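Annotated features in TrEMBL:
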| type | residues | note |
| --- | --- | --- |
| TRANSMEM | 12-33 | transmembrane segment |
| TRANSMEM | 45-72 | transmembrane segment |
| TRANSMEM | 92-112 | transmembrane segment |
| TRANSMEM | 119-140 | transmembrane segment |
| TRANSMEM | 160-180 | transmembrane segment |
| DOMAIN | 165-251 | domain 'DUF6534' |
| TRANSMEM | 192-220 | transmembrane segment |
| TRANSMEM | 226-246 | transmembrane segment |
| COMPBIAS | 280-289 | compositional bias 'Polar residues' |
| REGION | 280-334 | region 'Disordered' |
| COMPBIAS | 306-319 | compositional bias 'Basic and acidic residues' |
């Protein structure tokens with residue numbers, strides 16, 4: 001039997017860490033519903049049913065069941081310890097579903113942000129290819145035995161891990177590049193774009209590092225199960241990163257709430273739920289926080305002194321028009 005530390009020890013640590021990560025995802029899910037109770041039903045369905053309440057719980061159940069089987073039920077039966085329990089065979093199917101749904105969310109988000117058909121098409125092809133490879137490898141583990149099948153499964157797993165890493169890197173840098181290079185002469189909007197770039201890079205960097213570690217351990221220590229224990233945590237990291245992106249919108253919106261109205265000084269108007277890149281005008285003077293005369297205005301209102309309510313209504317109308325233009329209430333735009 002292989003070293004216990006590299007097999008059962010790795011699985012035990014992986015399951016324990018995944019339980020902690022799942023707990024954080026449940027907390028973030030609760031915060032999501034508390035803060036965004038008026039969110040669209042489709043997004044709630046993705047968050048609640050697919051990523052957390054159903055798939056997240058099923059994943060925790062499968063890994064915990066397998067660990068209990070090996071460390072408790074079969075601890076006195078050496079022959080049983082050499083077999084792969086059904087719950088371990090089912091785990092990759094659930095994990096891949098979570099990863100695929102998260103990737104599709106980010107691809108849709110990129111499409112709503114910059115309408116890049118080529119980039120989104122490439123990412124979609126890579127994502128579907130990654131899903132097919134992982135499911136084929138998982139299917140071989142269920143139906144085929146022998147050294148040839150094990151070698152093919154290992155090669156498919158290696159290709160799947162590599163594709164997963166490539167997809168994460170492309171998504172991370174694509175979104176970071178868009179936010180970082182989207183320049184505006186309104187300082188408050190530019191600060192928000194810079195912050196979005198940092199948030200995007202940080203959330204994507206977590207899954208990129210995790211995938212790189214799993215791939216490195218798989219290539220350097222193929223006979224151990226260290227990569228397997230680390231892979232238990234990966235789907236929960238995807239869930240947490242996705243929820244962190246959704247929940248960060250509130251703090252970003254709060255930072256963006258206070259705007260400067262032309263001719264009226266500072267005004268605490270209701271801030272938009274997404275970065276407003278299109279609310280600009282070439283007429284009139286600039287807002288108080290612009291970089292130079294003639295710059296685009298965030299709220300091109302003219303003189304609004306004594307008319308705060310009218311200003312609020314104007315901003316609300318403009319925000320509503322932008323939200324309708326992206327087609328999903330701005331949900332995926334931040």
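Cβ atoms are placed via backbone N, Cα and C, with glycine included.
What TrEMBL says about a protein is an automatic prediction, not a curated fact.
Because the structure is a prediction, the values reported are computed rather than measured.
Cβ atoms under 8 Å from those of the transmembrane segment (160-180) belong to residues 99, 103, 106-107, 109-110, 113-114, 116, 119, 122-123, 126-127, 129-130, 133-134, 137, 193-194, 196-197, 200-201, 204-205, 207-208, 211-212, 214-215, 218 of the same chain, restricted to positions at least 6 beyond its ends. If you take every residue in the domain 'DUF6534' (165-251) and average the pLDDT, you get 82. When DSSP labels each residue, the domain 'DUF6534' (165-251) comes out as 75 helix, 1 strand, 11 coil, counted as helix, strand and coil in that order. The highest tally of CB pairs under 8 A with the transmembrane segment (226-246), across 12-33, 92-112, 192-220, is held by 12-33.
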